[in-house]
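Noted in TrEMBL for the protein shown:
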type	residues	note
BINDING	17, 18, 19, 20, 60, 64, 167, 173, 176	ATP binding site
BINDING	59, 79, 140, 141, 142, 143, 144, 145, 146, 147	UMP binding site
DOMAIN	12-221	domain 'Aspartate/glutamate/uridylate kinase'
Ligand SMILES: Nc1ncnc2c1ncn2[C@@H]1O[C@H](COP(=O)(O)OP(=O)(O)O)[C@@H](O)[C@H]1O
Ligand SMILES: O=c1ccn([C@@H]2O[C@H](COP(=O)(O)OP(=O)(O)O)[C@@H](O)[C@H]2O)c(=O)[nH]1
């Protein structure tokens, strides 16, 4: 099959990070099928304009190692449960994408023969080049990491143009906007500023990795309908974290 090239989009290949919590919708736990269907619609629009889409999905709607550990479980066991949760979310997302006729592959950092493919970088790039969506599941495969780090790692490995971190706030703020309503949103900022100011929107391991490999990261609000497509066609959604910062630093 010929390689798919985007004629209309700002990026040819993206790595989209979806938090597990994004799948909960209005619920407190689990997966809301309505959210899956909306995500499939938005991802389908990207595929429709020729964007190659890699996805890393979190597991925080089901299990997080740190929370389980605080409740008394062994931390590594908890992290294994968290990584398996990302596989369940990936299966649910693939189901929704395939119901929308979007060819989708799941690869897992932890071998799971008969359920999903094992992660293989060269195969992943081949699938992406032929226009399939590839979901990278089970995080990095190692405890003590997060799916944000997995997203940055896979983004760098597949040579994505950008890591898009979908979240529930409008971008990166001077302080956590959930706690400080007077916090201002950055339009753009450097990796070093995120590290120096310890802006908590992404873990520091992930930021260090993107800084070292000059991988741009855009943090945006996935709950805003159309935000994903808008930023793919050049809209200034959310906050761009990159090497060189020019122009206005804060949103109005
Ligand atoms: N400086 C900051 N700018 C933006 N969000 C921040 C900041 N500090 C902390 N946060 C929090 O980070 C969260 C976004 O991270 P995300 O990975 O989507 O959520 P979680 O860590 O709960 O899975 C937001 O809900 C927000 O409250
Ligand atoms: O490389 C990884 C990625 C994830 N996790 C575990 O999987 C859980 C779910 O991932 P995460 O918290 O990043 O999900 P999100 O916040 O994006 O929903 C984490 O809490 C960890 O316990 C892990 O151990 N290693």
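For all residues, glycine too, the Cβ spot is worked out from N, Cα and C.
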Spatial neighbours, same chain, of residue 144 (UMP binding site) - Cβ under 8 Å, 6+ residues apart: 65, 75, 79
Annotated binding-site residues 59, 60, 167, filtered by Cβ under 6 Å to ligand 1: 60, 167
Same-chain residues at least 6 apart in sequence whose Cβ lies under 8 Å from residue 59 (UMP binding site): 20, 82, 83, 84, 85, 86, 88, 89, 139, 147
Residues within 8 Å of the 59, 79, 140, 141, 142, 143, 144, 145, 146, 147 Cβ centre (excluding the UMP site residues themselves): 65, 82, 83, 139, 149, 150
Between residue 60 (ATP binding site) and residue 146 (UMP binding site), the C-alpha gap once rounded to whole angstrom: 10
Largest separation between Cα atoms (Å) of residues that the record links to UMP, namely 59, 79, 140, 141, 142, 143, 144, 145, 146, 147: 14
Rounded distance in angstrom between the Cα atoms of residue 142 (UMP binding site) and residue 176 (ATP binding site): 28
Annotated binding-site residues 17, 167, 176, filtered by Cβ under 6 Å to ligand 2: none
Largest CA-to-CA spread of ATP binders 17, 18, 19, 20, 60, 64, 167, 173, 176, angstrom: 25
